[in-house]
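If you check TrEMBL, you get these features:
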TRANSMEM  31-49  transmembrane segment
TRANSMEM  70-88  transmembrane segment
TRANSMEM  100-117  transmembrane segment
TRANSMEM  129-150  transmembrane segment
COMPBIAS  256-265  compositional bias 'Basic residues'
REGION    256-284  region 'Disordered'
TRANSMEM  318-339  transmembrane segment
DOMAIN    326-606  domain 'ABC transmembrane type-1'
TRANSMEM  359-379  transmembrane segment
TRANSMEM  438-457  transmembrane segment
TRANSMEM  463-481  transmembrane segment
TRANSMEM  538-569  transmembrane segment
DOMAIN    638-862  domain 'ABC transporter'
REGION    915-944  region 'Disordered'
COMPBIAS  929-938  compositional bias 'Polar residues'
TRANSMEM  981-1005  transmembrane segment
DOMAIN    982-1266  domain 'ABC transmembrane type-1'
TRANSMEM  1026-1048  transmembrane segment
TRANSMEM  1209-1231  transmembrane segment
DOMAIN    1302-1536  domain 'ABC transporter'
Amino acid sequence: MLEKFCNSTFWNSSFLDSPEADLPLCFEQTVLVWIPLGFLWVLAPWQLLHVYRSRTKRSAVTKLDVAKQVFVGFLLILAAIELALVLIEDSGQGTVPAIRYTNPSLYLGTWLLVLLIQHSRQWCVQKNSWFLSIFWILSILCSTFQFQTLIRTLLKGDNSNLAYSCLFFISYGFQILILIFSAFSEKNDSSNNPLSTASFLSSITFSWYDSIVLKGYRQPLTLNDVWEVNEEIKTKSLLSKFEPHMARELQKARRAFQRRQRKNSQRTSGARLRGLNKDQSQSQDVLVLEEAKKKKKKKSETTTDGPKSWLIKALFKTFYIVLLKSFLLKLVHDIFLFLNPQLLKLVISFANDRDAFVWTGYLYAILFFFVALIQSICLQNYFQFCFKLGVNIRTTIMASVYKKALTLSNLARKQYTVGETVNLMSVDAQKLMDVTNFIHMLWSSFLQILLSIYFLWRELGPSVLAGVGVMVLLIPVNAILTTKNRNIQVKNMKNKDKRLKIMNEILSGIKILKYFAWEPSFKDQVHNLRKKELKNLLIFGRIQAVITFLLYLAPVLVSVVTFSVYVLVDSNNVLDAQKAFTSITLFNILRFPLTVLPMVISSMLQASVSTDRLEKYLGGDDLDTSAIRHDCNFDKAIQFSEATFTWEHDLEAAVRDVSLDILPGQLVAVVGTVGSGKSSLMSAMLGEMENVHGHITIKGTIAYVPQQSWIQNGTIKDNILFGSELNEKRYQQVLEACALLPDLEMLPGGDLAEIGEKGINLSGGQKQRISLARATYQNSDIYLLDDPLSAVDAHVGKHIFNKVLGPNGLLKGKTRVLVTHSIHFLPQVDEIVVLGNGTMLEKGSYSALLAKKGVFAKNLKTFLKHANPEGEATVNDGSEGEEDDDYGLISSVEEIPEDAASLTMKRENSFRRTLSLRSRSSGRHPKSLRNSLKTRNGNVPKEEEELVKGQKLIKKEFIETGKVKLSVYLKYLQAMGLCSIFFVIFGFMMNSVAFIGSNLWLSAWTSDSKIFNSTNYPASQRDMRIGVYGVLGATQGICVLVATLWSVHGSTHASNILHKQLLNNILRAPMSFFDTTPIGRIVNRFAGDISTVDDNLPMSFRSWMLCFLGIISTLVMICLATPVFTVVIIPLGIIYVAVQMFYVATSRQLRRLDSVTKSPIYSHFSETVSGLPVIRAFEHQQRFLNHSQAGIDTNQKCVFSWIVSNRWLAVRLELVGNLIVFCSALMMVIYRDTLSGDTVGFVLSNALNITQTLNWLVRMTSEIETNIVAVERINEYIKVENEAPWVTERRPPPDWPSKGQIQFNNYQVRYRPELDLVLKGITCDIRSTEKIGVVGRTGAGKSSLTNCLFRILEAAGGQIIIDGVDIASIGLHDLRGKLTIIPQDPILFSGSLRMNLDPFNNYSDEEIWKALELAHLKSFVAGLQLGLSHEVTEAGGNLSIGQRQLLCLGRALLRKSKILVLDEATAAVDLETDQLIQTTIQNAFAHCTVITIAHRLHTIMDSDKIMVLDNGKIVEYGSPEELLGKPGPFYSMAKEAGIENVNDTTF
């Protein structure tokens, strides 16, 4: 029929059976024309409908649009001309075939349709339609055949169809032009992300990403250079898509869970009934046992059971479209993967068949290229979809966890520590992300395995099973080794944790180590742990080497076994090139799924654990605030109606039957003993508790000041404004009222000073006042103040009460509920509520309650009786205010315990809430600024660029940019040892030689099939072939094993050396280094960077070597076969290196940006979790949510960009690989006469393998670049300058200092070179055994004085001479070992009590017990189970602060040195302990020189001399009597403290 239609032959196979093959013209004009047109017409309606539905506002017409439309217009004109020509030609005789009418008519319709589609795209963001691009490609490909046929016809001199041919050529040219134009992307104003406007070709090859890569190559990328992600994958839109699914699935899961529970309960109740009927006389205790069992069971059920398996369903429903797309792409890729071996087979048979036509060879070469190209594009886009899905799922989970945290009930929240919740967000979300990247491998692996085995069976028959058997056998062996390795890793993690715990303590207590010269002892502890760690690391490395060896051996073994079995099974089987090389290619394909499958399964198991944890968290109960009613038209501010609230339903209620009315504008004080439910009452009003019955009605908005102040990492200003607008006048009022102005003057940078995490560089009082200022600044109706005065000194407390809380304060007229322990404010409040045990005992004004003589009056009396003898003037506000006003209502003090320490415990537990302010902050002294942990690496806003000197306490972490210097690589290689390196490289090279050898041998073996046929193949020849092939294979494995083992030993050696150098150097760094570097940053060097050097770097190095040498050997083999190939290698090599250079620069920077943007998300989250009550009270949930989402989006754009950069690279590299395959195939065809089939097979089967290896090489190069940064960072801290040497040539006499005389000669000192002097020329003599008290206002330089004695600070001028020796001339340990200090903060280390007193084991047990007795700790320690071996937890957490202080006293008593410095630690000690310490020091150190830095004047009134410092100079120096006798600074200080004469030393 078609023959009639064209009037010529449609198909005849003889056309192809000639060296000049061609297709019949009729076939080209019908089938090949209709394929693209059919494609277009079938898809066009869908396209147009889709455009119509999703149209946006019309975008402007660009030149590109016009050009495309004009060209299609030309095509339309050409079709019309052709039709006209036909009509003219056909004068009615019917000589013109029908095809000449139909095609132009079809084209006319088609071009009109194309015009319409292109016009409609102006309403789309993406103007290029993907399916039009495919149509143009199809059309051009199909027309190519007709194009060459017409040219051939013309060349033969047949001009009969000249006009038609010319028209065809012109339209062919136009189509190519249009395709080129549609490859360009168009910019669009509405979106700044080029992906959204990228053309189809640009997006499948990732060319739209070129601009970023170029930018990243020229200069390091910054956050602003990275494009925002598209709207539809921003956190907000992902959440809004996911939440409805989540809600539905969770509902279903909850219902199913309830059904399960009902079934279970029916089952158990049925069983119980049956059981009882059986034996009514069951003894009572059996029943009791049963109950207990049930309880146990119930407990375990509640912990594990809950709504299950809904999360995956919800995620699937949200993202199923992406999954589907990636599924299709993967399927296409897998099918194309198996075309390679088939093509290889055809090429080999072509090479062996001398009669085959040359054009078939060229066709195969082109097919090789096309198959590989389609494979690459499918694979890379599949990866792009999968990784994008992974990022989206991670984002969704992170955002959901954050959102859930804001509403989670307290009961559910109690089950998680902050760390665990942050882990849900970081670790578990990451696990899910990793799984989605490879989720398709589950079915794809099975598909690939089945197909491989099927094709192999076709090649080699049943002998394949031998090879597959070997592979399957290696899987359990590998599994056993990997589990062993995993166990070693778990063990090593424990060692690492221990080591980091010690490091953390060393760095937190570095000051103590320096004061006591204890560094060597702790260094040894760390080294011992590190030794264990490295031993495990070696075992780990050795097992790893065996695993690598097996992985390497697998393909070799498999091919040896298979080929041997094949040849031995049947003498008719002869191995020829087709069989051998096709099989090798198939085995290479099979290797991948077999190695990946176990990994995928194990990561799925890990992810299932993560999903369970996430389901439990996200399915937890929300806060139930139904009992809190908000009513704007209510007459009372707050009303409790018989309200009972509890923290957990199983516990007894913390607020019981409280009925209470608070009127608007009242100031109500809530008092009661410790634990009487004051804070619970506050929490109940905020809705943080579980309601039992009753309700609370509240009118208006609430501001809340918690007892433990919550401070965000940021500036002080940000903390006070808390997201509100700045009103400068009100802001200044609030600062003044909250007594913050003096603090701001002291802090560098004022209110723009940066506060570390959890307010680490502020004293307790400052935090409390900022917290109060935040509440005061928010203009709320009701203020709930939970003991805001506990952490401040008395005079500050008085100031705040008058200016803020009291009847004339800033908040007058507001409703204030104040929990307080300060009795002297009570007369000024409107009403007092007395709580006891959760119920309201009394309520009324101060005078009314006193008159009533109830609980309140009784407690007040007890308190006054107790307080007066101690001289703490109770209601007289002028009292010396260093003691906290925390001695609230003590119920009764009848029992006086036998031992001070246990008394301390009792009192501590009862009142020691927070440290008092003034005794803590000793000026600009970095003590309080220590451990300002990892501050953010975020960008500092522009207007803060001109920082005040010292305002930025923390130097910004140095982010390396650009290439890593060669010296860093050399440093690492040097640490490995040059001998090791030589052997490693030699081993890997021998492996490559053996690899090339075995390939050449195989091709020689297969060439036997030409010489011998199956009947006369000699057995000896056969056995030799098998034997040598096996030996070469084994040699490869053994070389790899040896090289890997060498490298393991070398890299462990390197780890050891680097860690040693780092630790030694850090311990010798001066104190100023620790003041300006956050602990977190130093710990990071010991944690992250060292573990990179331990684990990742050696692996990357080994993989890199293997990849590199693998590629070299493949290229060498191709060049051996066809030397001309070297010409091709050079340009491809240049392209490869260029692409790699561009990529590595960009990728490295994106990785850095990713880690820099990730940490703020987690730190903001942990801040949120710890400050939830405050955020909820102020109703700022939405603001925090938005902040978190913005942070996640910033991180997401970096991750997304990094993923795209990997795809960009892979597409380009695979192109290089595909070109190598194509060129080698071409060479095989061009030089077919000089080559045999076996050479062809062996060259191509290796070339096919090169694409993956090329990709890996670049990956590994960038891995090494990323990981070597760790060495760079470690090296940075190995080079930190040291303090003076610990021991010098010049050593003091052994009994020095025998007298204890100290002389200061014009002594000057500064903290850091860029700061001003702190001590400005101090001159004084301290005689032997004198007791000196040093006083001065905060910041006068008192603590600097002690630091100078210990040379923590080195002199800027002048000298200190002790017993005739200038302290600057001897080693630090000689100096520090001879002085003793009792520091202000009692710092202990985890370990035994004994270790804390005497880390070097210098003293006997008797001496230690004697010291403990003097320190009043003997009875306490003797009472402990383990005595001196009692384990102290981290930072001494299991001892009270008073006991810690006494232990520090014990250290000093053990030392027995002639000079004692006492940095008075009154902050943490109550009066009894204080008195104990004072008397002990007076008695035990009577024969020593004692320098006391006092914060309270009482303690030093009995000193021999008093030194008054002000602003770094001595302003007065003399005996207390002298100084009190004349007006001066000391006199006025004493007067303030209420000391009239020297005998007023009572406390």
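Cβ atoms here come from the backbone N, Cα and C positions, even for glycine.
TrEMBL: automatically predicted annotations, no manual curation.
Mean pLDDT, taken over the domain 'ABC transporter' (1302-1536), works out to 83 on the 0 to 100 scale.
In this chain, the transmembrane segment (1026-1048) does not touch the transmembrane segment (318-339); fewer than three CB pairs sit within less than 8 A of each other, excluding pairs fewer than 6 residues apart. Contact count against the transmembrane segment (129-150) (Cβ pairs under 8 Å) is highest for 100-117, out of 70-88, 100-117, 359-379, 1209-1231.
Long-range contacts of the transmembrane segment (438-457) within the same chain, counting only residues at least 6 positions beyond its ends with a Cβ under 8 Å from a Cβ of the stretch, are 323, 326-327, 330, 334, 337-338, 341-342, 382, 386, 464, 467-468, 582-583, 586-587, 589-590, 592-594, 596-597, 599-600, 603-604. Under 8 Å from some Cβ of the transmembrane segment (70-88) lie the Cβ atoms of residues 96, 100-101, 103-105, 107-108, 111-112, 114-115, 118, 163-164, 167, 170-171, 174-175, 177-178, 181, all in the same chain and six or more residues away from its ends. Tallying C-beta pairs under 8 angstroms between the transmembrane segment (463-481) and each of 31-49, 100-117, 359-379, 538-569 places 538-569 first. Listed as Cβ neighbours of the transmembrane segment (359-379) (distance under 8 Å, sequence separation of 6 or more from its ends, same chain) are residues 19, 21, 204-205, 329-330, 332-333, 336-337, 339-340, 343, 346-347, 350, 1210-1211, 1214-1215, 1217-1219, 1221-1222, 1225-1226, 1228-1229, 1232, 1251. Residues 460-464, 466-468, 470-471, 474, 477-478, 481-482, 484-485, 488-489, 492, 575, 579-580, 583-584, 587-588, 591, 595, 991, 998, 1022, 1026, 1029-1030, 1033-1034, 1036-1038, 1040-1041, 1044-1045, 1048-1049, 1051-1052, 1098-1099, 1102 of the same chain lie 6+ residues outside the transmembrane segment (538-569) yet bring a C-beta within less than 8 angstroms of a C-beta in it.
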